[in-house]
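Copied over from TrEMBL, here are the features:
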COILED    B:647-684  coiled coil
DOMAIN    B:684-908  domain 'Histidine kinase'
TRANSMEM  B:6-24  transmembrane segment
TRANSMEM  B:36-56  transmembrane segment
TRANSMEM  B:68-87  transmembrane segment
TRANSMEM  B:116-134  transmembrane segment
TRANSMEM  B:167-183  transmembrane segment
TRANSMEM  B:204-224  transmembrane segment
TRANSMEM  B:251-269  transmembrane segment
TRANSMEM  B:290-313  transmembrane segment
TRANSMEM  B:338-365  transmembrane segment
TRANSMEM  B:386-409  transmembrane segment
TRANSMEM  B:415-440  transmembrane segment
TRANSMEM  B:452-471  transmembrane segment
Amino acid sequence: MNTNHNLPHDSRHSAGQDSHHHARLIALILLAVLLFCPPLLVVVDRLPGVASLVLYLFGAWALVIGLGAWLMERSAKH
Amino acid sequence: MRTDPIILTAAFGYLALLFVVAAWGDRRAETGRTVIGSPTVYALSIAVYCTAWTFYGSVGRAAEHGPSFLLIYLGPTLAMLTAPFLLRKMVRIAARERITSIADFISARYGKSTGLGALVALMALITITPYIALQLKAITVSHAILINYPDSADNTLTNESFWMDKSFWVALVLAVFIILFGTRHLDASERHEGMVAAIALESLVKLAAFLAVGLFVVFGLFAGPGDLFRQVALTPELTHLMSLDNVPGGVTGWVGMLILAFLAFITLPRQFQVLVVENVDERHLKRASWLFPLYMLLINLFVIPIALAGLLLGEAAGNPDSFVLTLPLLAGTEALPLFVFIGGLSAATGMVIVETIALSTMVSNQLVMPLLLRLKHLHINYQGRLAGWLLGIRRISIILILLLGYLYHALIGDSYSLVTIGLVSFAGAAQLAPALLLGLYWRGATRQGATLGLIAGFAVWGYTLLLPGFAQSGWLSATLLTDGPWGIGWLTPYALFGLNGWDIYTHSLLWSMMANVGLIVGVSLFTRPTPLEQTQAALFTQALHPNLQTTSLWRGQTTQGELNELLERYLGATATKRVFANALHRDDATEQPASTELITRAEQALAGSLGSASARVLINSVVRGEALDLESILSILDTTSQTLESNRELEQKSQELARIGEELRAANERLRELDRLKDEFVAMVSHELRTPLTSIRAFAEILRDGDEMPNEKRQHFLGVIVHESQRLSRLIEEILDLARLESGRLTLNPETLDLAALARHSVDAISRLQENRGVTLNIKIDAEPAMIVGDSDRLEQVIINLLDNAGKFADRDDPQILLRLYAHKKHFRLSVEDNGPGISAEERERVFEKFHQIEQSSDTATRGRPKGSGLGLPISRGIVAHLGGRLWADEGATLGGACLIMELPNAPETERD
């Protein structure tokens with residue numbers, strides 16, 4: 001993935017990385033909003049099964065947390 | 001296991017453990033080995049969000065409204081994802097401004113306004129005290145269930161007096177705990193290390209307890225989740241429990257609740273306390289931003305299984321709100337219910353501790369302090385004792401808040417308003433969000449706007465949520481909810497303006513936010529912020545800008561002594577010494593003026609203890625002639641307007657470039673013109689040189705080949721060759737002259753001479769030629785002697801050239817030339833006029849161009865006149881210009897033909913003699 005892990009990075013480098021990191025975070029927030037909001041929920045809700053909506057919600061939640069952890073911890077290394 | 005002594009021992013033993021942990025944390029902090037300097041502890045402390053309301057109430061809400069309980073946690077998940085933007089900004093501002101609470105934060109943002117701080121503190125107090133009561137009620141109820149199961153808990157609750165109520169004693173113990181660990185420092189912006197450590201522990205305990213009961217229910221009462229859901233699928237009334245239809249308000253209710261939870265998570269005083277005030281390192285936000293959501297996911301993992309299991313078991317499980325306790329009790333386990341009770345206790349106490357600290361800080365700093373500062377005699381008396389007073393105020397407010405919470409619980413505990421207070425509190429706290437968020441991102445938000453927005457939002461919240469709660473508790477007529485006040489239908493609190501079918505929280509959120517945001521934005525657009533407001537707005541909105549300058553913005557004079565006195569009075573000697581640590585320790589130090597940095601440090605220290613608004617008031621009381629430091633302000637504004645600035649520079653640069661480009665184009669144009677002239681010149685010169693050369697060559701060839709040519713003819717041809725050679729050498733001479741003139745290498749020998757004599761001499765020299773042409777030459781000399789400085793040879797060349805030209809162009813039948821010499825101002829003018837056709841006005845300058853005459857040569861050639869080279873006039877003009885004079889063509893005044901005038905300055909007096 002990122003080969004710059006061990007390289008000393010100058011401010012320009014880290015600034016670029018910063019904005020990249022921020023862009024990913026914003027994308028993640030938008031994804032979370034999308035996953036947690038009605039249009040998708042209504043679709044899932046119509047699926048058969050007692051707990052399909054609940055399973056979907058926990059699944060989406062875990063996905064968002066996982067992606068968040070991955071992004072945050074990656075940037076924490078820098 | 002379920003006897004009162006055991007339960008009480010466990011409960012108070014647990015509280016004792018909290019004391020030990022908190023004391024340990026504080027001692028570690030004193031020795032510099034902090035235990036809360038870890039992102040994990042920080043994330044766990046944020047989990048104070050999960051209160052007893054979560055612990056017991058989530059299951060109840062799930063049993064009634066399906067998945068909607070999850071929204072209370074999905075909102076904060078979204079909020080935590082924004083941590084690198086929003087929360088980081090808040091943390092950074094709070095650290096720099098020494099913010100002590102959310103009331104302080106909002107007050108500081110809007111110009112350190114005392115009134116706004118007091119308003120927010122009051123709002124928080126009204127919204128949150130019932131919430132504290134709810135926690136105490138949870139302790140009482142859970143204890144009663146534990147003791148009385150399988151009987152209903154109600155009969156003991158109604159008969160008990162308050163000294164038998166365990167939650168009263170728990171509240172008392174908590175008061176001691178909070179006073180011990182929450183008011184250790186006067187500086188409320190400092191971290192309460194021990195308290196945070198205890199809260200982190202509590203978060204672990206409640207998570208463990210909930211997971212334990214969840215695992216027990218799923219794998220103990222049922223054979224795993226598959227079995228549980230299979231049984232649910234067989235129960236028709238439960239199959240649709242977990243669908244979206246069961247969510248209050250449906251899709252709108254879902255979105256509304258998500259937004260509400262998001263906003264409340266940021267604005268709840270206890271969340272602000274742990275997220276912002278207790279943050280020790282903003283990098284901790286990174287870990288917390290996913291670890292805390294993970295915590296919420298785990299603690300909610302078994303909510304639905306427990307709710308479904310409880311519903312499957314029916315009557316025996318009792319009230320869904322207490323399924324967490326009754327399910328293990330139902331199964332006959334002994335230790336697990338006690339552990340669950342401790343878990344619930346930890347959830348309740350954690351919330352009460354943090355919320356009370358946050359509220360007491362607000363009450364002391366935003367409500368009591370500003371009032372005390374108005375009492376003038378305080379400034380004079382009570383030297384050095386106000387520091388103690390401050391802590392006293394905070395401790396008393398802690399006891400009062402807990403007492404208030406307890407009273408609320410004891411007096412109106414069973415009413416509807418308490419049961420729903422969790423979400424009602426959320427909606428109340430969310431009213432702070434517009435002032436907070438707009439303040440963080442919009443510099444134009446003003447104090448008046450924020451104040452009116454808050455009041456309006458709070459009023460709408462009160463009308464649409466709080467008041468109906470009272471009505472449902474029976475304190476107000478229930479017709480308020482059905483028919484509206486005084487029978488006005490469109491004012492019905494749950495369906496304002498006829499908006500029905502919405503869930504009550506989303507409904508309230510919509511109207512309150514409309515009023516709140518609308519007023520903040522609307523009023524801000526039409527009010528002017530004070531300079532202090534403007535600078536605070538810039539500091540808050542630009543908090544994350546790397547170049548933000550943080551030095552003091554204020555210039556004023558005070559002595560170190562006065563400042564020292566002020567700090568000692570309010571903060572005590574130790575804190576004062578810290579502030580003055582770097583100041584000069586001279587004998588006359590007290591008389592020395594205090595530096596701006598020192599004043600800033602003093603204000604920050606005061607702000608950390610008293611809140612920013614009070615700190616400002618106090619600093620103003622000793623600092624005289626204070627004014628905004630214009631330079632600092634500009635630098636702050638600069639930071640923010642840097643983009644604007646660089647845009648402007650860029651524009652300037654491009655304009656400059658355009659200008660330079662224009663210049664270059666003009667220069668290029670000129671070079672092209674010069675190049676064209678040069679080409680023309682070269683062509684003309686070669687043409688001019690070729691004409692005599694051709695005839696010389698032609699005649700020379702005739703002579704070479706024609707041996708029998710008569711001698712007379714031969715002589716004639718030789719004469720032509722000689723003549724043409726002379727013409728050629730004259731031409732070359734002229735070209736050389738011109739080259740010298742143009743390159744400035746023409747050497748002149750200036751001497752004082754008489755122009756009149758020179759003119760006569762020139763006329764004599766040319767008279768023979770003119771006579772041959774039949775030209776009548778008149779001379780009229782009005783100035784004699786006409787002394788000038790010039791080169792006689794060159795001037796003679798000019799005059800002869802002028803006379804020669806005039807002879808060529810004079811009337812063919814009766815050629816006449818008039819030479820005049822006269823004085824004109826400080827110059828002498830020599831004019832040569834002829835009676836020829838003259839030169840038209842537009843041609844007059846062109847005759848001085850090189851080879852100009854060639855274009856007219858056809859005319860002259862037909863007249864059989866000798867051709868000139870076309871270089872005479874340009875050379876003449878060059879010579880005259882070199883001597884400081886002018887040469888130009890004009891209309892002949894006397895003879896009507898062309899008139900060429902040479903003007904030369906008088907010789908200076910000294911040289912004339």
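Quick reminder: no glycine exception, Cβ is built from N, Cα and C everywhere.
Curation does not apply to TrEMBL; its annotations are automatic.
Using the rule of three or more Cβ pairs under 8 Å, pairs at least 6 apart in sequence, the transmembrane segment (B:68-87) is in contact with the transmembrane segment (B:290-313). Three or more CB pairs closer than 8 A are found between the transmembrane segment (B:290-313) and the transmembrane segment (B:36-56), so contact between the two stretches is assigned (pairs 6 or more residues apart). Remote same-chain partners of the transmembrane segment (B:204-224), defined as residues 6 or more beyond its termini with a Cβ less than 8 Å from a stretch Cβ, comprise 14, 44, 47, 50, 55, 231, 295, 298-299, 301-303, 305-306, 309, 313, 324, 327-328, 331, 333, 336, 339-340, 342-344, 346-347, 350. Counting same-chain residues at least six beyond the ends of the transmembrane segment (B:116-134), those with a Cβ under 8 angstroms from any Cβ of the stretch are 51-53, 101-104, 106-107, 110, 268-270, 351-352, 355-356, 358-359, 362-363, 365-367, 370, 401-402, 404-409, 413, 417-418, 421-422, 424-425, 428-429, 431-432, 435, 447, 450-451, 454-455, 458, 611, 613. Among residues of the same chain six or more beyond the transmembrane segment (B:6-24), those with a C-beta under 8 A of the stretch's C-beta atoms are 35, 143, 146-147, 166, 169-170, 173-174, 177, 180-181, 194-195, 197-198, 201-202, 205, 338, 341-342, 345-346, 349. Taking residue pairs at least 6 apart in sequence, the transmembrane segment (B:251-269) and the transmembrane segment (B:386-409) share fewer than three C-beta contacts under 8 angstroms. Remote same-chain residues near the transmembrane segment (B:167-183) are listed as 11-12, 15, 18-19, 22-23, 26, 136-137, 139-140, 143, 192, 194-195, 198, 345, 348-349, 352-353, 356-357, 360, 391, 394-395, 398-399, 402-403, 405-406, 409-410 (criterion: CB distance under 8 Å, separation of at least six residues from the stretch ends). When pLDDT is averaged over the domain 'Histidine kinase' (B:684-908), the result is 81.
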